[in-house]
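Worksheet: one structure, shown below.
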Amino acid sequence: SVVDALERIVRQEGVSSLWRGSWLTVNRAMIVTASQLATYDHVKEILVAGGRGTPGGIGTHVAASFAAGIVAAVASNPIDVVKTRMMNADKEENYGGPLDCAVKTVAEEGPMALY
């Protein structure tokens, strides 16, 4: 159960482990939101200005949403990878922070490891 899982985590790793990676989650949310909103608005403006869509047209919304989703995924995936690695890291695999984790990941596996 959830209660059993929480008890085990606290007992084995300490209370602070419940929040491991949470600030990376907040940073990821900021990047996803910023990239999605900016891309959606920009693509919609380009489509409407170029005569390829209307401001309220379904095709315009779908195209702008599709582009925004792709940009958000590309922008946030490296943070997801680093967050997951830091959250799942063993005690002997201690990272000095997210930048250290990203540098080690790229050095050991190449830049595509972030995707």
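Here the Cβ of each residue, glycine as well, is placed from N, Cα and C on the backbone.
According to TrEMBL:
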{"type": "REPEAT", "residues": "1-46", "note": "repeat 'Solcar'"}
{"type": "REPEAT", "residues": "56-115", "note": "repeat 'Solcar'"}
Per-state residue totals over the repeat 'Solcar' (56-115) - DSSP helix, strand, coil: 47 helix, 0 strand, 13 coil
The repeat 'Solcar' (1-46) [mean pLDDT, rounded to integer]: 92
